[in-house]
Amino acid sequence: MLHSQKRIWKKIGLCLLSFILGITVFTGSFGSKAEAAVAGDFQVSVMGPLAKVTDWNSFKNQLTTLKNNGVYAITTDVWWGYVESAGDNQFDWSYYKTYADTVKQAGLKWVPIISTHRCGGNVGDDCNIPLPSWLWSKGSADEMQFKDESGYVNNESLSPFWSGVGKQYDELYASFAQNFSAYKDMIPKIYLSGGPSGELRYPSYYPAAGWSYPARGKFQVYTETAKSAFRTAMTTKYGSLDKINAAWGTNLTSMSQISPPTDSDGFYTGGGYNITYGKDFLSWYQSVLENHLGVIGAAAHKNFDPVFGVRIGAKISGIHWQMNNPSMPHSAEHAGGYYDYNRLIQKFKDTDLDLTFTALEMYDSGTAPNYSLPSTLVDTVSSIANSKGVRLNGENALPTGGSGFQKIEEKITRFGYNGFTLLRINNIVNSDGSPTAEMSSFKNYVIKHAKPAGDGGGNPVNSVTIYYKKGFNSPYIHYRPAGGTWTDVPGVKMPDSEISGYAKITLDIGSASQLEAAFNDGNNQWDSNNMRNYFFSPGTSTYIPGTNGTAGSIQAGPPITSSDFQALPAYEMSI
């Protein structure tokens, strides 16, 4: 009897072991599937020099070396301080036309950044290009510039509190579109500068203001214009001073007493950041950046979509220090304007902008005094972007190589990045055009993932394959190669795919860089995307309709189904 019981328990134990091993294989194969690849249209770009090119032949030799080693595009700061320096609406694009011509001769694509910030004074800056001097006569310094907690005034970029921002950017974007329409075939993407160093943030960590790493930096909303905006926002939220006092536990007697934090580090060490007042301030502080992104995004879509028909992107800074400081958690991120990444990235989606994130090469080291967690931060931001269907492009924060390229490979494959841009050209190409020692590692870990021949599945080089998760039983796709001619409404019926519940279609887009499309049921019932069309890049994508009329999402690659998982092994054990 005892022997029989022992055999039973032994069999139960082995069954449990088999189950655990099976689960391990299952989850392991799921992880490898989810982390296996970049997006189907992944390409590699390299950032050009900050300062003006003076030797065009040498520059062309550098570009040719990039082309010969698998790089897709050169990314370039198009400095506002150069092109409109002579006066309001007095543009000179001649330098950048020469630049674009040189890039074209080398066989590369060109990705311009409309750089509405100053070059000089930040990490990696080797030039001095201020904003156009005439600009400051358009309004007061209090409206147009930043002021921090200590009173330092910063004019790296225009303050989002100035009402003239939209008009100035609209004029700049319109002139660029007019002057570079003839170059549209070589421009696969356009980036917008959202603030200092081209990033959507406040100038919270600026060495000239006294900042040094790893200090938290300073809040930047101490002009009278900014403080007035905060008061207005709080009055709008609560309705009256009495209700503000009730929410904050204060005894303010005048609206003028409503103010951004005035206690420096004490805002954190005293816990102010974690009470209702602190949360209201930090949420509003970020919302100013969100509104700014909406303004510049709308101006960009208005001017660029009809001419270029390409994706437009903007960048969030990888503020990775002070993240896990027990007394001042996330304080550096907060000073830069990042309080709620989920909400911030949703604004990218709502504005139909791609997201560039930086510091992909860095490793965590979360100990004092830096409390630096860049790898964790990349994971956080990338995961949120993936969940919302926001396209991702990566960058390195500092010069890198070797293990840094390995880290980049880990991130771009784990989160299905659509592109990576290396900072900067002199990291992998010498001035004489010869490759540096880092070129080999860059090719082995990053460039090798580029998709020069479409999606790798035998489709034409410039084709788009779309899997449509059926919201409509018989979906139609109304489309055009971006900038081309639309199909007749309702478009083309999408046939069923090899995957149950999905339709599928492959479309050749010729020389266009994207497919512009909308979906319907063939009977004038249209998929809602806030009255905007969807854009698909070459390669394979999966489209998932939204619910209750909300916008759908686009994910890189084909759908992941149960058949993608390795079958669980059957374990037969003798006992």
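Glycine too: its Cβ is placed from the backbone N, Cα and C atoms.
When Glu143, Glu149, Glu156, Glu171 are compared with the Ca(2+) site residues Glu84, Asp88 in Swiss-Prot, the one appearing in that site is Glu171. If you go by Swiss-Prot, Cys127 shares a disulfide bond with Cys119, out of Cys15, Cys119.
Of the candidate recorded positions, Asp88, Cys119, Cys127, Glu199, Glu395, the one lying closest to Arg424 (substrate binding site) when CA atoms are compared is Glu395. Between the alpha carbons (Cα) of Glu199 (active site, proton donor) and Glu84 (Ca(2+) binding site) lies a span of roughly 21 Å. If you measure from the Cα atom of Cys127 (disulfide bond) to that of Glu395 (active site, proton acceptor), you get 20 Å. One way to see the shell of the Ca(2+) site is to take the Cβ centroid of Glu84, Asp88, Glu171; the remaining same-chain residues with a Cβ within 8 Å of it are Gly87, Asn89, Gln90, Phe91, Pro132, Gln168, Leu172, Ser175. Considering only the recorded positions Asp77, Cys119, His320, Glu395, Asn396, Glu171 (Ca(2+) binding site) has Asp77 as its nearest partner by CA-CA distance.
The two recorded residues, Cys119 (disulfide bond) and Asp77 (substrate binding site), show a Cα separation of 10 Å. In this structure, the disulfide-bonded residues under consideration are Cys119, Cys127, and the one with the smallest number of other Cβ atoms within 10 Å of its Cβ is Cys127. Cβ neighbour density within 10 Å is lowest for Arg424 among the binding-site residues His320, Arg424.
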